[in-house]
Every structure is written in structure tokens, then in C-alpha cells.
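Copied over from TrEMBL, here are the features:
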- 62-89: coiled coil (COILED)
- 22-31: compositional bias 'Polar residues' (COMPBIAS)
- 32-41: compositional bias 'Basic and acidic residues' (COMPBIAS)
- 1-41: region 'Disordered' (REGION)
- 152-194: repeat 'WD' (REPEAT)
- 272-313: repeat 'WD' (REPEAT)
- 314-355: repeat 'WD' (REPEAT)
- 358-398: repeat 'WD' (REPEAT)
């Protein structure tokens, strides 16, 4: 009597499983309408104040949830059977090694690896399916509206950073890899002033809290601008929902002609020279009498603005620094680094400054910023953003997981909304609890076409309250309207 080979038996078993699965799905589909009709009849017989359209919408959503979880349950059973079959097969193969220790070790490794792969497949399938369910539910409740108000075009290379003045007149500043920093009229998109004093890439730009002074990288310079007459803005409002058409098609990057009639400043008032490496970021301490700079030489320096003297050198990071930020009302500084940590420096006591090291990420910390309250928000190349409480920073109070590396983040003072610029050209909005509120529209017609490097909020302008910039050589002004009810969710 011929004996059936192991491969043919396994093939027949797999074929039977696929057939059983297809029958299960057909049985599920055949009863969907019956169950849906029964549920609708039961709801119609109940006393409720919900409108009929809303009740029907809820029924459809719950039916989708039930179908998704039923399919997941069936697939879970099949994966468990596959795991059991694999374990049985490996056990049978192990009996032929006659107790050899080396073979047993290899067998255990193989079984563990195979089981781990199947387990990971199950987790991935479950996560993807549940994400679709949640996304479909959010699409029906989100009414956030994002309006692209204006594009600021004129740089000849990517834009690393941008900032908005804290005093009148309110203007936008951008720092670019084309060796220039520019000031823009928010209302018209016109270049008001160009700074030409840098010999290399301009990596950051920050406005003085009370005066018409700017620090761009390590150059401090004064500016004076006159705002032009505002122009009417076209209505380009778009719902910030997941079903917006996001095209991966990139438009050709032609040579962008910079504004030729833009006034320029060529000489800095002060240049800070104590670093041994590239200065990647800078910010003003509260009061504006001191500045802090972060460098690739693994140190952050605290300077006196009036004398340009080095006050403190903040050392301790193991790798290059990526960002620095100061608290809006207290003498606190936070620095982030490629060593996967960020550090909190306390200068509130003039006689001594303390430092705390936080290791909440697994990859480069691209930025860490303060909020008006007692929170720090950190973003990383590990695709996570974490919200920390200054009073207890042992573990984050919220963690946001994304699908792309996060660059220089910003937090809205009034709305407490976090804007996340991503490597994948997206900008997403979250609340301080980690709940996603919106995603800015992006297609081949509007939005960024390259990596988004930075975002910043503007609390004093009604037409644009969020700005983003990227390596597509442009900055974009957005008007974000998120209802309070949606933020509370």
C-alpha cells in the first residue's frame, strides 16, 4: 500500500483549510442582511430620541465592526491550527536526531522563530483591521477643517525652520539651506526682508520675545519691515479627514526664482563663535537677555546677548544635538540629541543649574518643546511622540505612535494641539492626550511634496494659525478650525 508523502498531505490539509475558510465567509455574507434587518427592526421598536439617519449610520458602523472581528476570529483560529501543525511537525522531526544536543538546540531555535513569525503576522493583521474600523468611525464624526491659505515661495533650497514674531507687526521667518533667512508678510506672501550674512546653511530662526531682533543659527541681527496691503484669500478649505486623496506623485522641482526686489541685511549685530561644530538650533531665554544654542559638537551654550560672552557650556550628551527649546515663562532649557535622550536644564537658581536626563525614545530625538503648562513634548525618529509632565517625568503621560519619523514639532498655546511634521510629507494634529484630530490635506495640487521639516503655531493671526515648511523649498500657511467638541473627544 503506497504511503502518502508529507508534502502532499500538507498541501491537501492547506487546501481543505482554504475551502473551509471560504465557506465560512460565504456563510457570514449570507446572513449579514438577515442580521442587519433584524437589528433595524429591533431598534425601530425601541423608544429613542436619536434621529433615524443617525441610528442607521450607527447600525452600519457596528455591522462593519462585527464583520471585521468575525473575520479576525476565523483567521485567528486558522493561524492557531497552523501553529499547532508546525509544532507537531517539528516535534516529529526532532525524534530523528536521537537526542543530539546540538540538533535539539537548532530545532528549538527554528520552532521559536517560526512561531514568532506567525504570532507577529496575527498581531499585524489584527492591528490593521482594527485601525480601519477606528478610521471609518472617525471619518463620520470629524468635522475639522484645514484651509491652505497661502504658500511662501522664494527660497532656492529646502527650508529647515520657521518662526512667527511675538510682537507687532506679525511676520513669518524662514531659515533655509540656501544660506539665507527670509521674512514674509503673512497676509500677502510677499518677501519683506532677506538676511545674507550666513556662509552656510541656516538651520534655525527665532524672534526676540519683545524686540525686533532675530537669532538665525548663531547670528543675531535687527530687522525693520513695513507690511504691504493684504490681498483677498481664495477659499481652499478641505476637510481634514482620512479619505482625502493623497497622491504620491511629485511635481517637478523647477528652479524657483527668488524675490529680486526684496530688501536685504548683510551684516549681523552679533555672531556667537564658541562652538566647535555646526550650530543646529537656537532660542531666547525668557526675558530675551540670554540665548541658548545647540551644536553638533555635542554641547549647548548659554550666552549673554549684550556682551556675547559664554555663560554656561551644557555638556553631557553622547552624540550630536538636534534641537533646543526654552520655557516661555521660566528659566528652563530642554536639549535633544541623536543619543536617543533629551535633557532638562534648570537655571532658575542663579547659583547652580541642575540637569535631568530622559531616555524615553529608541532613536534620535529630533525635538523636545515646552508647553505653556507643565508639560514637555518630545518627537523622535523612532516614529513616536511622547508627552511628559515636568512634575513627574519618570514615564510619559501620553504616547503617540505614527508611521513615519517626526521632525520639529510645535504645540499651540491656546488650543493645546500638537503639530507633527513627518518625513513622509504629512502633517498630523494631535491633542495632548494623544488623540489624533486631523491630518492636513496633501496631494499633487496642494501641500508639501518633500519631507516636512518644521511646524509652528501663530496665536495672533486670524487668517493663518499654523505654518509648515519642508524640503520642497516652500512654507505653507494654514487655517485650522477644530471644534472644541472634537478636541474634548
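Every residue gets a Cβ built from N, Cα and C, even glycine.
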Number of helical, extended and coil residues in the repeat 'WD' (272-313), per DSSP: 0 helix, 21 strand, 21 coil
The repeat 'WD' (152-194) - residue tally per DSSP class, helix then strand then coil: 0 helix, 23 strand, 20 coil
Distal contacts, the repeat 'WD' (358-398) - CB-CB under 8 A, six or more residues away: 322-323, 325-329, 332, 334-338, 340-344, 404-411, 413, 416, 418, 420, 430, 432-434
DSSP-derived helix, strand and coil totals, residue by residue, for the repeat 'WD' (358-398): 0 helix, 21 strand, 20 coil
Model confidence over the repeat 'WD' (152-194) (mean pLDDT, whole number): 95
